[in-house]
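Read through the structure below, which is laid out as structure tokens, and then see the notes.
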């Protein structure tokens with residue numbers, strides 16, 4: 001289908017088709033992503049409401065389904081107030097510096113076989129590099145606001161994100177070792193081969209079983225990376241109000257939240273691709289194989305996002321020193337140890353990957 005569209009595009013538009021096709025693919029990623037964020041926020045409010053034995057939003061539209069539209073309109077109509085004491089240029093560019101890396105990562109994310117904007121061989125390296133850039137926007141927001149609360153929140157965010165990126169990096173290196181590729185599509189395909197996959201039990205051939213500690217560390221570190229509860233000391237309401245976002249309002253404030261929810265979707269998608277078989281069904285059969293792979297990936301991402309929300313509803317916020325201790329004294333030693341174990345496992349006669 002995609003090859004046919006490409007050939008027809010070249011025939012109709014000639015040399016102008018290549019940049020036009022890039023633009024079309026970017027729009028096809030960004031627009032659904034914005035809709036997903038809007039309804040992820042609604043799902044979060046609904047799910048937490050059910051966990052609290054209440055209804056959640058149910059007034060705007062049938063079953064509250066138009067609530068995200070109302071929220072967007074409210075934010076668009078709010079005035080963006082710029083305090084006089086801020087460093088205006090850096091203050092205004094900080095939300096964009098947080099949002100842009102979150103959107104840029106989607107260029108290499110495959111949605112199913114051969115459905116990806118840029119199928120680069122170093123896709124995993126690209127993800128690691130781009131995901132670490134967002135912290136600069138957070139630091140800049142804290143510093144440019146010229147507020148001690150914002151600056152303290154920015155410093156907390158920087159330390160937390162850098163600390164947990166190390167553990168996430170080791171987890172990704174382990175996936176690289178067992179799959180033998182930095183290409184995200186190749187990593188997914190490598191999980192759907194082997195003894196159990198040949199029997200049709202794909203779920204037992206995915207990386208989540210042999211790399212279970214890495215699976216847990218990566219996902220929990222992802223929760224910390226996105227500054228979500230219980231790792232949200234960056235915006236601890238009882239201590240520093242909204243942290244680095246305290247001087248922002250209106251749509252500028254909304255951009256930080258947009259980046260946060262996009263990062264949640266990114267962490268869930270990458271976790272599904274690296275550890276849960278990507279777009280492969282859990283069991284191979286005539287019925288499951290007839291369902292497009294994109295829907296299987298969507299189901300896995302939805303379940304992981306629901307875990308994000310469940311964690312928020314269930315756990316108290318950690319103290320800052322507890323978060324740092326977990327990252328440096330538990331996760332990093334655990335990932336290094338499992339990395340060594342997997343390296344020995346690969347070289348042993350019991351190698352299950354190659």
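First residue shown is number 1, and so on along the chain.
Glycine is no exception: its Cβ is also placed from the backbone N, Cα and C atoms.
Since this is a predicted model, take the numbers as computed values, not measurements.
Summarising the annotation, Swiss-Prot assigns transmembrane segment to 22-42 (among others) and lists sequence analysis as the type of evidence.
Here Swiss-Prot flags 91-111 (among others) as transmembrane segment. Here the transmembrane segment (91-111) has Cβ contacts under 8 Å with residues 29-30, 33, 82, 117-120, 123, 126-127, 130-131, 133-134, 136-138, 140-141, 144-145, 184-185, 188, 247-248, 252, 255-256, 258-259, 262-263, 266, 269-270, 273, 278-279, 293-294, 297 of the same chain, all six or more residues outside its ends.
Marked as transmembrane segment by Swiss-Prot on the basis of sequence analysis: 124-144 (among others).
Remote same-chain partners of the transmembrane segment (168-188), defined as residues 6 or more beyond its termini with a Cβ less than 8 Å from a stretch Cβ, comprise 108-110, 113-114, 116, 119-125, 127-128, 207, 210-211, 214-215, 217-218, 221-222, 225, 273-275, 277-280, 332, 335-336, 338-339, 342-343, 346, 353-354. Residues annotated as transmembrane segment in Swiss-Prot: 168-188 (among others).
Positions annotated as transmembrane segment by Swiss-Prot: 203-223 (among others). Sequence-distant contacts of the transmembrane segment (203-223) (same chain, at least 6 residues past either end, Cβ-Cβ under 8 Å): 164-165, 167-168, 170-172, 174-175, 178-179, 191-197, 231, 267-268, 270-271, 274-277, 280, 282-283, 304, 307-308, 311, 327, 331, 334-335, 338, 342, 345, 352.
For 255-275 (among others), the entry in Swiss-Prot reads transmembrane segment.
Within the chain carrying the transmembrane segment (291-311), a Cβ under 8 angstroms from the stretch's Cβ atoms is held by residues 40, 43-44, 47-48, 51, 111-113, 115, 219, 223, 228-230, 264-265, 267-269, 271-273, 276-281, all 6 or more beyond its ends. What Swiss-Prot records for 291-311 (among others) is transmembrane segment.
Annotation comment: Swiss-Prot describes 326-346 (among others) as transmembrane segment, evidence class sequence analysis.
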Highest-contact recorded stretch vs the transmembrane segment (124-144), from 22-42, 255-275, 326-346, CB pairs under 8 Å: 255-275
